[in-house]
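OK, TrEMBL features for this one:
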{"type": "TRANSMEM", "residues": "B:6-23", "note": "transmembrane segment"}
{"type": "TRANSMEM", "residues": "B:52-70", "note": "transmembrane segment"}
{"type": "TRANSMEM", "residues": "B:86-107", "note": "transmembrane segment"}
{"type": "TRANSMEM", "residues": "B:127-148", "note": "transmembrane segment"}
{"type": "TRANSMEM", "residues": "B:267-285", "note": "transmembrane segment"}
{"type": "TRANSMEM", "residues": "B:354-370", "note": "transmembrane segment"}
{"type": "TRANSMEM", "residues": "B:390-416", "note": "transmembrane segment"}
{"type": "TRANSMEM", "residues": "B:436-452", "note": "transmembrane segment"}
{"type": "TRANSMEM", "residues": "B:472-493", "note": "transmembrane segment"}
Amino acid sequence: MRYLASLLFTAAILFSIQGYALWRADGRPGKNESNFFSSIGRIQAGIKIEPRVMLLGSSLTGRLPDESNGFEGVANLGCDGGSAADALRAIDRGRLPGAPLLIVEGNTLYKSAGAPPSEVAKALDGVWFSMGRRFPLLSAAARPSAFFYSALLESRVGAFDTTESMPLPVVSSPVVPVSSADLDPDEVELVLELVDVISRLKVRGMVVEIVILPPGAPEGAPNVEVPRALARTADVRFWDLSRGLPEGAVKLTDGVHMDRESATATLRCLLAEFESSPGQAR
Amino acid sequence: MLFNSWEFLILLGLVLALYYVPVGWRARRVWQVSVLLAGSAVFYAWENPRLLALLGFSCLLNALAVERILSWKAVGSAGQCRAKRWLFATVMLNLGLLAAFKYAGFLVSSLPDGLVSDGVVDWLSDIPLPVGISFYTFQGISLVVDVWRGDVSDTTAEHLGRRGSGRIGAVRDASFYISFFPQLVAGPIVKAHEFVDQIGAKCFGDVDWRTVRRCLILGYFLKIFVADNLAEHTVRLSSLGLSLERFGPIVLLSLLYGYSLQIFADFAGYSLIAIGLGAMFGYRLPENFRFPYLSTSITEFWRRWHMSLSSWLRDYLYIPLGGNRKGSGRTYFNLFLVMFLGGIWHGAAWKFALWGTLHGVCLAIERAWLRRAGRTGTSTTQARVIPKVFGWAVTFNVVTFLWLTFMMPDMASIFAFFKGVGSGNMGFSGPPPFSLIFYGSWVVAYHAWGWLDEHKPMVAARFKSPAFEGGIHALMLFLIVTNPGAPRGFIYFQF
């Protein structure tokens, strides 16, 4: 009897503390120590709101701010270790809701060519993902480790005010490409699959834009050619943000991922362009 | 099927409900053993039903051999020789089965080039490894050896040796011992004399629910919260290969110590779940881990780590080889051989043999050192704090660094690891050290509790109150539910 009373009492206290911490963090602490759960947490938090813009991609996209950082109506569905193909497929089969504007990160699309679904993509079909959507305390954002890790990061890096950041000084603009390099058979298959997905999403009223985020990749690399071929075949706009950027305009933390200031400037730039003229090539 | 899957929970619920369905006392034993056999078959066949044929063959082979051994033994001294032949043939067949499915490709590919054609090597290498074959083969051997040695009770021997219409019951019991699902695929390796005498009708009211509760909560906590979360980072050690040299010592050592704690949490977690499930059905399975990272010597480590394998190797290999009774040269040879075979039991690769052999070397050095210390009158076993702490630190670090040979794909990766450790690059990313501290500290706390229980039982007793236990269990359940790792299989499933 004492065992059961103690069990229930302690459990009630622990869930109360967790609920309070989640409330204090506005439903989502900054970061998880786990790439997998960071991605799941971002997606669960992203689809809780009714977003007007969805950012789909890998950990490069994951660094971009979203509604929890003051960008109202923006949901970040970046999958660490995956690519935008995972989220596109999930939206297509109704596993995730869509949004009027889908901004697709092109940098890592090629990784999904001939590859099995990523861990995150598999998790989207799991019971735990649905439970987390329904019960916030069971969501990836509410993991105790996320609270501790976020607090630790915050104490090391400090808070960053997203309102002070300016858009990236880009000189390029989105276009519907007219040509692309040859792709290998797996890449062709991926492009054809995603063209079908995008066409169905268009029918549902969504606008898809494909971007190459900084730091970008050399011309001719699959990082650029696969999304370019996809944009050309699906007749959607393609924008290589990394082209023509002044040196030092983007700062990277580990040679690959943007720091928070650069990521915020990038998002401002994307929203300014795509929200003013969605789907319209200049 | 994994213990940490929804399918398993459904299967467990069904089997448990059917198992304790009120059935007349006379028919209860048959009913319950049949239910568990059917449940074990579904559990084992879930991923690959074809593997059931091999398990079935192993069960039939050993059941038949047991019946033959018992019947020849019953003849008296004249039948002993026949019984021994049956024993020898069955052990060889069991080992042959293991060799064919686990080691054939490895052995043939280790031969000099040109001796066997590439096609044959490829064909043998492609033979799939039936999950749990190392475990149930050892149990099969244990069954025939224990019956031959007379280590099972007369009632059990009478039951297992039945012929005619009673043969079905004998086969059922032998198959149940070999394939009981909690320990079927990753142990603990239950010796026949520890289990077969327990087979009988069970009552729901007799279940030791406290053991069930303790083992299941702690087991799932170690697996789902500790091991699965640590695994997300430690997997880099085996997957990054030569790129490891790009990382600095902080990250690499965090990953290595993380792996050391993870493999304990993974395997001890599995064993505890198995013991808890066994208790749920009224069966006692042997303890498999006793706070192994408290060990102050490698010898002690092997008395605390994977105890069911260590004691199996001791009872069925080391002692029959002569143990330490035939002079020091033979003792060292026996130690090496047992550790080499124990290593290669884990997998068909030289890295496992190397891992086992290095442990054998450590055991031999330790034994020689202790004998020398004994001659000079310096007792190393007396309870002095500094030698104990020194012994603990050396043992824990030796065991941890030897895990490198166990999990790294090749020697080049191990060299890359040490190159990175020696690089002096003190930069690091946050997750690996955070993960080591946040998840690994629970394994440390578990061992601290073990130390208290062994050395300060009066203090430990204060933490054994139902109220304290309820609070700790609530915390564990809370973390299992809110902070699970990404679901993964158990490390020892591959063996």
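Cβ atoms here come from the backbone N, Cα and C positions, even for glycine.
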Are there three or more C-beta pairs under 8 angstroms joining the transmembrane segment (B:354-370) and the transmembrane segment (B:52-70), sequence spacing 6 or more?
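Between the transmembrane segment (B:52-70) and the transmembrane segment (B:354-370), contact is absent.
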For the transmembrane segment (B:390-416), name the stretch out of B:127-148, B:267-285, B:354-370, B:472-493 with the most CB-CB pairs under 8 Å.
B:354-370
Return yes if the transmembrane segment (B:472-493) and the transmembrane segment (B:354-370) have at least 3 CB pairs under 8 Å (sequence gap of 6 or more), otherwise no.
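Contact criterion not met.
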Looking only at the recorded stretches B:127-148, B:267-285, B:436-452, which one has the largest tally of CB-CB distances under 8 Å to the transmembrane segment (B:86-107)?
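Stretch with the highest Cβ contact count: B:127-148.
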